[in-house]
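To keep things clear, I will list the structure first and then write my remarks on it.
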Amino acid sequence: MKIGSLHLKHKLLLAPMAGITDLACRLIMRPFGIGLAFSEMVSANGLVLGGEATKDLLISVPEDRPLGIQLFGENPEILAEACRRIEEHCDVIDINMGCPVKKVVRSGAGSALLKNPARAAGIVAAMRKATSRPLTVKIRAGWDQACINFLEIAHIAEQEGADAVTLHPRTRSQGFSGCADWTLIATLKQQIKIPVIGSGDVFTPRDALRMLEETGCDAVMLGRGCYGNPWLAGQILDLLGGKVPHAPTTQERCEIALLHMDTFLRHNSERKTVLDMRKHLCWYARGLSGAAQFRAAVNKVEQLEELRSVVKQFFRNAEPPAEVS
Ligand SMILES: Cc1cc2nc3c(=O)[nH]c(=O)nc-3n(C[C@H](O)[C@H](O)[C@H](O)COP(=O)(O)O)c2cc1C
């Protein structure tokens, strides 16, 4: 799998997910078979106008490669300037044309660009001119059921020099409801020459194989399926290689959950670690006996050392996980 000049070792990508795919999350996921991991979306305006919160989103380390940085914005010149500032720090630059969040859409960015093809074209052209890094565009199916225009936007992206298109085949108005319509990914794959990355509803290794088979997409982007489950990428590779997917033991879950916490702590305060890790720890416990009590306990803990011992105690006593589907 190649995106522009970048060769990927695996055709499994970690999705950009705001509030989730920070540095620690990416570092935890990578060794299991992620070929390219994306940052959370980063505001081009914030980056160029110098917000500290924006800079925090760009924190990375040499092991965090290949890295895609996703930008959002509505102004071609500012997005181009953002490309120039980040290109040394990443391997791929992505432009967000799918975010459904009101504040983002109101500013004309994210999925609002699906309703403004001329602006979308201007943005891809300006970013293409600004950087020689592989450039990708992430889109949804369209704004709503009455405006399904992913093909138009993907053609524009290709014409203006993008190296790949990622499609999450839901409309903006759908949010995350219903099912991702993978037939749209198959249609897109037949219509453009640059690689197509499929995104949406891959929760099991079989889902990933089905997406590859049914759509012909070049790569699969993993999103919510990785919540508390970095093993998913490895399980998909197992299945692709004709092996039985590895099901993590409770001890492995515990080790990775603690490693995730320690990795997060390396770049954050104890307080932020406790607060941010709560959701991840609850996800690591999903499907195990006693997970509900564990969730309640984790959400009350205020101190890092206490959190560590709650985690250790839970996984020591938890029943083995269910089979991988
Ligand atoms: C919490 C959360 C945050 C997300 N943030 C972003 C984002 O910053 N940029 C983006 O392009 N997509 C974002 N997405 C969409 C995902 O990248 C992905 O396309 C979508 O979740 C569908 O894949 P999934 O069903 O495998 O989760 C986000 C999704 C979730 C659940």
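The backbone N, Cα and C atoms fix where each Cβ goes, and this holds for glycine too.
The feature domain 'DUS-like FMN-binding' is assigned by TrEMBL to 13-318.
When other Cβ atoms within 10 Å of the Cβ of Lys138 (FMN binding site) are tallied across all protein chains shown, the result is 27. Under the heading FMN binding site, TrEMBL lists Pro16, Met17, Ala18, Gln70, Lys138, His168, Gly223, Arg224.
Around Cys99 (active site, proton donor), the same-chain residues six or more apart in sequence whose CB sits under 8 Å from its CB are Met41, Phe72, Val105, Ala109, Gly110, Ser111, listed in sequence order. The secondary structure of Cys99 (active site, proton donor), as reduced to three states from DSSP, is coil rather than helix or strand. Look at TrEMBL and you will find Cys99 tagged as active site, proton donor.
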*Mean pLDDT over the domain 'DUS-like FMN-binding' (13-318): what is the value?*
97
*Can you name the residues of this chain that are 6 or more positions from Arg224 (FMN binding site) yet have a C-beta less than 8 Å from its C-beta?*
Met17, Phe203
_As a test of the contact definition, list every same-chain residue at least 6 positions from Pro16 (FMN binding site) whose Cβ is closer than 8 Å to its Cβ._
Phe38, Ser39, Glu40, Met41, Gly68, Gln70, Asp94, Asn96, Lys138
_Return the count of C-beta atoms lying within 10 angstroms of the C-beta of Gln70 (FMN binding site), excluding that atom itself._
25
